[in-house]
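In Swiss-Prot this protein carries:
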| type | residues | note |
| --- | --- | --- |
| ACT_SITE | GLU285 | active site, proton donor |
| ACT_SITE | HIS306 | active site |
| ACT_SITE | LYS421 | active site |
Amino acid sequence: MEKIKLNLLNAIDSSEILNYKDQVKEINEKMNRFEMIGSDFLGWKDLPNQINWDEFLNMEEKAKWLIKENVEILVVIGIGGSYLGARAAIEFVNGTFPLSGSKKLEIIYAGTNLSSTATAQLLAYVENKKFAINIISKSGTTLEPSIAFRFFRELLEKKVGKAESRKFIIATTDANKGLLREIVRKEGYTSFIIPDDVGGRYSVLTPVGLFPMLCAGLNVREILVGAQKSNDFYKKSDLEENIAYQYAVARHIMHTQKKYAVEVLISYEPYFQYFLEWWKQLFGETEGKNELGLYPSSKIFSTDLHSLGQFIQEGSRILFETVINLKKPKIDLDISEDKENFDGINYLVNKTLHGINVAALDATVSAHTDVAKVPNIILEIADSTEETLGWLFMFFERACAMSAYLLNLNPFNQPGVEVYKANMFKILGKPKK
């Protein structure tokens, strides 16, 4: 059963979408033949059906070993696509405050910034706990993870000794080349491989994302099942049957014809926050080139309705919204009756908190579309299980690649980020090769 439903009624007419039927078919068939620009990095689209099960079993065994050794915390060190997918998945499935009791590690994230305070506080947090490190970098030269790895490696070596520390350091990197691979060879760390044909922001279903998920207790096999089913749906060339590509075309029309500059992805569940962050990187780096692309923004409602709801309702007409409508929450709560009704909310008795959240969603969509005339794309998802997560990952990755190809862009490069890096390294005095 399909886990995602797309509703474009409050955004765009279906006839406008189908005008792109032939173009989408041509692009998709060229993708399948690896004839599109950037085809060297199309490996992600077949990942769900080409899992390296030997490596997967090794990851499972390493995660079980860490738990058996009473490791309390896994420090995931990476930035951008090297950590966002894992964090998105772990919080999507476990929630922001996961219930205790199952055999899993606490996951914390380092190397995501250059803040001395944040890094010092993380080091202090793990200092008196048993921790392991998963350093994730294809090249091993990205500055933020490199600095964090030095700090955490030194702390781990100080706690257990250099020889023993090697057992608790896991590297996820290139199979053959790069500085981190050289370090792995020298130190003998356990390592898992980032495929050559998968870029960072598309790497969530490689060991980049899968190993931290396993350590966090997720049923990763179910994520892969969902991704496989999703891929079977969304690799089709027929636009009438492929809602991932319908979403891509809707975004394209909003940007190029209706001249919107911003897409806001909205969830009414706070634990979707890092899924939204993953989405922002995916679309921001994929589309933001040649002075093109929608600016990807995200909001958690109803929280952000109390800060930005006014702007969306009556401010500049620069944005449209894509709303994730979760049908079944992890946990629901009933509103109980209070005989004194001192808080004045007895009218909510016999309603559930999720039902009230859905009412807020429906009311907001109506206010934004009927009154403010802000287009709303609705993505209805069945639940927040592992299988549904797998569906979502492939839905958005397929849609994102198609969005870029419709703009005649290479979806898999990001040359613009090299500018600030070059400036920073010049200021810091990095030696030239």
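Even glycines carry a Cβ here, placed using N, Cα and C.
LYS421 (active site) sits 36 Å from HIS306 (active site), taking the C-alpha atoms as the reference points. Most Cβ neighbours within 10 Å, among the active-site residues HIS306, LYS421: LYS421 holds that distinction in the structure as shown. Within its own chain, GLU285 (active site, proton donor) has GLY80, ARG201, GLN414, VAL417 as residues 6 or more apart in sequence whose C-beta sits under 8 angstroms from its own.
In the three-state DSSP scheme, LYS421 (active site) falls into the helix class.
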